[in-house]
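Student: One structure, pasted below without further comment.
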Amino acid sequence: MWSWKCLLFWAVLVTATLCTARPSPTLPEQAQPWGAPVEVESFLVHPGDLLQLRCRLRDDVQSINWLRDGVQLAESNRTRITGEEVEVQDSVPADSGLYACVTSSPSGSDTTYFSVNVSDALPSSEDDDDDDDSSSEEKETDNTKPNRMPVAPYWTSPEKMEKKLHAVPAAKTVKFKCPSSGTPNPTLRWLKNGKEFKPDHRIGGYKVRYATWSIIMDSVVPSDKGNYTCIVENEYGSINHTYQLDVVERSPHRPILQAGLPANKTVALGSNVEFMCKVYSDPQPHIQWLKHIEVNGSKIGPDNLPYVQILKTAGVNTTDKEMEVLHLRNVSFEDAGEYTCLAGNSIGLSHHSAWLTVLEALEERPAVMTSPLYLEIIIYCTGAFLISCMVGSVIVYKMKSGTKKSDFHSQMAVHKLAKSIPLRRQVTVSADSSASMNSGVLLVRPSRLSSSGTPMLAGVSEYELPEDPRWELPRDRLVLGKPLGEGCFGQVVLAEAIGLDKDKPNRVTKVAVKMLKSDATEKDLSDLISEMEMMKMIGKHKNIINLLGACTQDGPLYVIVEYASKGNLREYLQARRPPGLEYCYNPSHNPEEQLSSKDLVSCAYQVARGMEYLASKKCIHRDLAARNVLVTEDNVMKIADFGLARDIHHIDYYKKTTNGRLPVKWMAPEALFDRIYTHQSDVWSFGVLLWEIFTLGGSPYPGVPVEELFKLLKEGHRMDKPSNCTNELYMMMRDCWHAVPSQRPTFKQLVEDLDRIVALTSNQEYLDLSMPLDQYSPSFPDTRSSTCSSGEDSVFSHEPLPEEPCLPRHPAQLANGGLKRR
């Protein structure tokens with residue numbers, strides 16, 4: 001009996017204890033189990049802005065409770081709570097914290113967390129002066145706050161981590177930050193290139209400031225390049241972020257002087273003269289202006305160095321801009337002579353020289369009386385000259401007429417083809433005659449008229465071409481559209497072709513159609529046929545304009561090729577220039593899209609692949625330029641007009657024999673001066689095309705007249721590095737512009753190098769939009785009077801040439817140097 005009562009007593013006691021220990025279901029602390037990780041939504045708000053937080057609700061919600069840092073959130077004159085939404089007017093840094101929305105419903109409770117940071121802090125790369133003490137206090141405060149919910153790590157200042165790529169010069173201090181939080185406080189560790197990063201892995205070590213979640217590396221060197229990853233973790237989760245560091249070595253190079261400056265001057269006696277010298281140097285340069293003088297009747301001293309007089313040298317308070325200009329006032333005849341701009345740094349010396357010529361002021365002189373005999377001689381000479389010109393004109397006209405006739409009647413086969421097209425021309429004797437006689441060369445029959453009822457060519461009968469079943473497309477399957485462009489005798493129109501794909505006979509394809517204009521000649525017809533046959537022989541490749549078909553029967557000749565909707569590469573690049581960097585500023589200009597460095601390298605890579613394929617087919621382009629590269633809707637580069645190139649089977653060069661108009665600014669020296677064309681002359685043109693790409697459609701040699709280009713190229717001048725171009729790509733251009741053709745790279749080598757560069761180039765490397773306007777070359781015609789480009793600017797650098805005698809150095813710091821011709 002007693003034992004039964006004892007058992008009953010203990011049962012009642014245990015039941016009461018369990019009921020007392022059961023927590024209240026309304027406590028907000030139990031809204032989320034302590035063992036579960038929590039998702040946190042981050043908000044960055046600038047001081048003074050409106051903060052709005054909205055809670056996600058279920059349909060059966062019964063109550064909503066808002067907390068901040070675990071404390072009940074109360075309404076105030078700035079804080080308004082309306083059920084599932086909280087609004088804070090004119091937010092201040094004190095409003096920062098972890099907000100929680102706790103909802104209760106019959107199905108259970110749910111909590112949504114918001115991390116709010118009210119700050120106007122700068123991004124990580126610019127925020128280097130943090131108050132570590134305040135951060136430490138904040139961290140300690142976080143640790144000591146009671147009743148904190150378990151929270152997986154989260155970023156507290158993601159805006160400071162937006163810049164992922166950091167390119168810094170050598171010897172600079174680098175600081176990467178990963179500001180974060182969580183409950184319990186997370187730990188921080190760093191990886192380099194995916195491996196654990198310890199202080200002894202780096203010369204000089206590094207510092208980690210856990211209070212500010214940052215790593216600091218002093219005096220970085222090229223070996224510090226790599227990917228640095230911060231890992232923040234606690235028992236409820238882990239997050240990471242990667243920074244990329246690129247350390248740029250300072251360029252050890254002597255000063256670079258802009259080509260063409262100072263320039264020669266010819267002035268009148270008593271005038272004022274200004275010489276200018278542009279100097280580019282990474283180490284601080286020392287600039288002097290010198291005048292060459294004579295000593296005892298000699299300009300050269302016993303040491304074989306010229307005698308010079310120092311006219312201007314840098315002082316303590318003199319700026320480089322002041323030193324780049326030399327002013328001479330009220331010049332006399334004694335001021336005439338040679339002047340030199342000498343610039344030196346710790347690496348070496350550079351100099352450019354110019355001549356000053358002083359003339360007497362022009363005076364009006366009385367007209368010289370001419371004798372009757374002198375006048376008679378002038379009249380006879382003028383008459384003889386005019387008669388000679390008339391006779392010469394008649395002879396030239398006769399020769400041209402004879403050439404045109406023999407061109408067609410005796411040599412009508414198309415010279416541009418490796419295999420000539422069989423064309424036969426019928427000459428009708430009379431309208432009544434049923435007989436006709438054929439010309440001696442096998443060509444095509446004429447006599448058909450175009451659909452308009454008029455001859456296709458003025459003065460040329462329409463020719464019937466042999467049908468090629470592989471390429472022939474019925475005319476009723478081709479619908480012509482708007483014109484795309486035209487030349488002197490040909491035009492290109494947009495069209496829709498039905499059934500180009502034999503497997504899909506009803507598919508409609510947008511195409512471009514080449515055709516002749518009404519005033520074209522027999523030569524133009526043969527050229528178009530030649531281009532068509534050349535495209536058949538070349539075959540298909542992704543990076544060339546491919547032949548799709550032709551209409552050769554029952555009407556004019558239509559050559560059907562691929563359509564590139566975005567126009568040529570030059571226009572494509574110019575349309576995507578950043579706003580404000582056009583040469584004639586247009587405030588309404590909106591670029592199509594922003595191009596990254598990888599986009600530009602990809603353009604060059606695709607063109608190189610197309611040229612590699614043409615070279616493998618023994619095809620020399622002769623006119624490779626951005627204007628002859630077309631861009632499709634999918635941004636695929638396609639080389640055009642290669643059908644006009646020459647097919648070579650037995651020799652690997654082509655020597656031009658006619659005097660057609662040539663694009664001289666893209667031509668290699670051997671093509672320009674000796675009229676020799678090879679694959680290596682195409683490589684030179686590819687180097688100019690590279691320069692066009694990285695100047696976003698700039699015009700080569702801006703401000704340089706064509707007549708001066710020959711002299712400049714012979715002297716070894718080359719265009720300078722574009723602003724948006726790496727040193728590696730510029731060296732590729734310079735290799736393409738090597739004076740010796742055999743020393744230039746092949747297209748196969750260019751494809752391999754560009755393929756490697758594309759793989760290493762980041763998609764996030766956008767062009768430098770802060771570059772000054774004059775770093776780009778103008779896209780307008782090269783005239784010195786252009787309002788959009790400066791004729792005084794030069795973009796040339798100079799290849800090293802044999803040394804000239806050196807100047808003695810007259811300040812002590814230049815005592816052992818000399819002048820060398822660049």
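Here the Cβ of each residue, glycine as well, is placed from N, Cα and C on the backbone.
As the structure is a computational prediction, the values presented were derived from the model and not from experiment.
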Student: Considering the residues TYR113, TYR572, TYR585, TYR677, which is the one that Swiss-Prot annotates as phosphotyrosine?
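Tutor: When Swiss-Prot is consulted, phosphotyrosine appears for TYR585.
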Student: According to Swiss-Prot, which residue among CYS55, CYS178 is joined to CYS101 by a disulfide bond?
Tutor: CYS55
Student: With the disulphide bonds as Swiss-Prot has them, who is the partner of CYS341, out of CYS230, CYS277, CYS389?
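Tutor: That record, Swiss-Prot, gives the partner as CYS277.
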Student: Could you let me know which of TYR236, TYR766 shows up in Swiss-Prot as phosphotyrosine?
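Tutor: Cross-referencing TYR236, TYR766 with Swiss-Prot, phosphotyrosine lands on TYR766.
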Student: Choosing among CYS19, CYS230, which residue does Swiss-Prot name as bonded to CYS178 by a disulfide?
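Tutor: Disulfide pairing in Swiss-Prot: CYS178 with CYS230.
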Student: Of CYS101, CYS230, CYS277, CYS341, which is closest to TYR730 (phosphotyrosine) if I measure between C-alpha atoms? They're all disulfide-bonded residues.
Tutor: CYS277
Student: What number of additional C-beta atoms lies within 10 angstroms of the C-beta atom of CYS101 (disulfide bond)?
Tutor: 23
Student: So how many other Cβ atoms are close to CYS178 (disulfide bond), meaning within 10 Å of its Cβ?
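Tutor: Excluding its own Cβ, CYS178 (disulfide bond) sees 28 Cβ atoms within 10 Å.
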Student: Indicate whether CYS101 (disulfide bond) is helix, strand or coil by DSSP.
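Tutor: For CYS101 (disulfide bond) - judged by DSSP and reduced to three states - the answer is strand.
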Student: Which three-state DSSP class does CYS230 (disulfide bond) fall into?
Tutor: strand
Student: Could you give the number of helix, strand and coil residues in the region 'Heparin-binding' (160-177) as assigned by DSSP?
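Tutor: Its residues fall into 2 helix, 9 strand, 7 coil.
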Student: What is the Cβ neighbour count of CYS277 (disulfide bond) at a 10 Å cut-off, with all protein chains included?
Tutor: 22
Student: Within a 10 Å radius around the Cβ, which one of these disulfide-bonded residues has the most neighbouring Cβ atoms: CYS230, CYS341?
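Tutor: That would be CYS341, with the most Cβ atoms nearby.
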